[in-house]
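Only one structure is covered here, and it is reproduced in the block below.
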Amino acid sequence: MTVTTAERPTIAVRHLLARIGRYTFLCLVLAFFALPLLWLATAPFDDTPTVTASLPRFTLDNFRALLDNPYALRSLLNSVYLAAGTAALVVTFAALAAYALSRVRVPGRDALLYGLLLLSSIVTGTATMVPLFELAFRLNLIDSRLGVILILSGGLLPAAIFILKDFMDSTPASYEESARVFGASPLQIMRHIVVPLVRPGLATVGVWAVANVWGNFLVPFLLLRGPDKAPAAVIMYTLYTEGGQADLRLLSTFSLLYSLPVALMFVFVSSRYGFRFHGGIKR
Amino acid sequence: MAQATSPPDELVEGARPVTGASPAPDAAGLGRARATGFLVPAMVLILVFLVVPAVWTIWLGLTNYRLTGLAAASPEIVGLDNFTDALGDERFRTSLLLTLEFVLGSAVIGQAGLGFAIAFALRDRRGPLRRVVEGLVLLSWILPSSVVAFLWIALLDRDAGTLNALLGIPGMAWLLDYPMLSIIIFNTWRGTAFSMMLYAAALENVPRSHLETARLAGASTWQQLRDVVFPRIRGHVLTNLLLISLWTFNDFAPFLITAGGPEQRSEILPVYVYKVALSGGELGFGAAISFVMLLINLVIALVYLRLLGRRKESA
């Protein structure tokens, strides 16, 4: 190496400083990301919750506030309904479309896929809230949960088709060929051979769709009137913006309960598959 | 049904006539008609809820359409009036500038910068520290936006907020005095995870021996970044910047914290459109702004796809 003995100590010092700098930085990062989350961890269990995060005097009584509020638990059910409906629609329609695109040569297929992907990334709910509202109004889908499901599905489908087509392309066609030799119909082949083969892909798309819908605020906020049908995202917002002093018992426990499913899903996905980007995104 | 796409050697079932050879491996014997049937449900949804709104945005933007009143009954085509009105509107221009500030501050500098710094600091670490840091960063990314919005309202609360309690400055009204700074820092916190993960994957492409050599030759961290790391991850940086710019530009979450206020000082375009078109009822004018937003989205997305295509060719 080119390092002389006289230079070595300064380099050692520099490395030590770099090390200290790195740990200081990581501690600051930890503090920055943990600080807002502290309240979510402490307030639900504090017998007198305030907006300050502090060590709680432990109690579970706050969760009773959830039962007292007429909309809290119902809104979570509404969220489940919207998420399940959208995920079912997206997985089914995307799987059918992706299979057709993967196995049958459609003219201009790649252009179509890229076009759809481009469309779904530029036509966002925020940029098209005006026509979406209009459209829902004309189609009689205002204050309809089906309307929310359809609009969300339309937005998620292109990317879902794209992901699933990749999965379908990488499964060998030989199973389908032999099933066909034994006289299975295309739908039977789809159900008994293709679906089991691409199940990880279907699960990925399903989880991704649920996570998207679970947190979506804008579309149900625009389309659903009144708190009966509103999902947790909207009820959460009304809990701290409407009606004077916010009930922090209700707010904190509701936040926790509403966040729990996505947090659990994340833990499950990351422990099972590892939550990071692999080769796919690199090229 | 017509079996247009089966290769001739698959005439096992015999009954189905093969009318043309195609190189596509239609292994399940789907056929073009059934394949079309498989495509239709998805395409109908996409057509109705993505294509129609996009086209409609243009149409609405050209009319004086309103939610109520005379113009609601028979909207007239006003041509480019809405667009010239928008561009001449002080509030719109301010909003556009605020949006630019928001994207530059929270996406380009905040998320990409912090995300890269975290990924770089963690690059050769395994074990609990890395898992805890990544876990927290990811958690702030996946929690529902209306929950994190309230977490930040509580954190920045003037009288009892945790931040003021920690800093010992009670009475500091962050959301009223520094609304833009607040939502920029909020969005940095919210979205850094994507950049962090992308750069973590990118840094695995940088051979460790190269960094080691540079380090032993006495290169400073900055020199290592400039000469060894950056040339290898340039493509990732571009991908990252374009995607997070697109997402941040369309982010509605600041509405949940400041609702554009106080006095429209944090009114980025998504909030502005909502207020003008859906709270204010001026659908035509709102659609004209939406159209401008769609155009900006289109430009970002096209640049991105171009880059992707170019890299695929060179790969």
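Cβ coordinates are placed from backbone N, Cα and C, and glycine is handled just like the others.
Just so you know, TrEMBL annotations never went through curation; they're auto-generated.
From a predicted model like this one, the values you see are computed outputs, not experimental measurements.
According to TrEMBL, the feature domain 'ABC transmembrane type-1' maps to B:97-304.
According to TrEMBL, the feature transmembrane segment maps to B:38-59 (among others).
The transmembrane segment feature in TrEMBL is assigned to B:102-123 (among others).
The transmembrane segment annotation in TrEMBL covers B:135-155 (among others). Under 8 Å from some Cβ of the transmembrane segment (B:135-155) lie the Cβ atoms of residues 118, 161-163, 175, 182, 186, 189-194, 196-197, 252-253, 256-257, all in the same chain and six or more residues away from its ends.
Residues or ranges marked as transmembrane segment in TrEMBL: B:167-189 (among others).
Marked as transmembrane segment by TrEMBL: B:237-257 (among others).
Long-range contacts of the transmembrane segment (B:283-305) within its own chain (CB-CB distance under 8 A, at least 6 residues past either end) are made by residues 54, 56-58, 60-61, 63-67, 71, 75, 78, 82-83, 85-86, 92, 239, 242-243, 245-246, 249-250, 269-270, 272-273, 276-277. Taken from TrEMBL, the feature transmembrane segment applies to B:283-305 (among others).
Packing against the transmembrane segment (B:237-257) from elsewhere in the chain are residues 99, 102-103, 106-108, 111-112, 115, 145-146, 148-150, 152-153, 175, 182-183, 186-187, 190-191, 194-195, 198-199, 230, 266, 268-271, 274, 293, 296-297, 300-301, 303-304, 307-308: each is 6 or more residues past its ends and has a CB under 8 Å from a CB in it.
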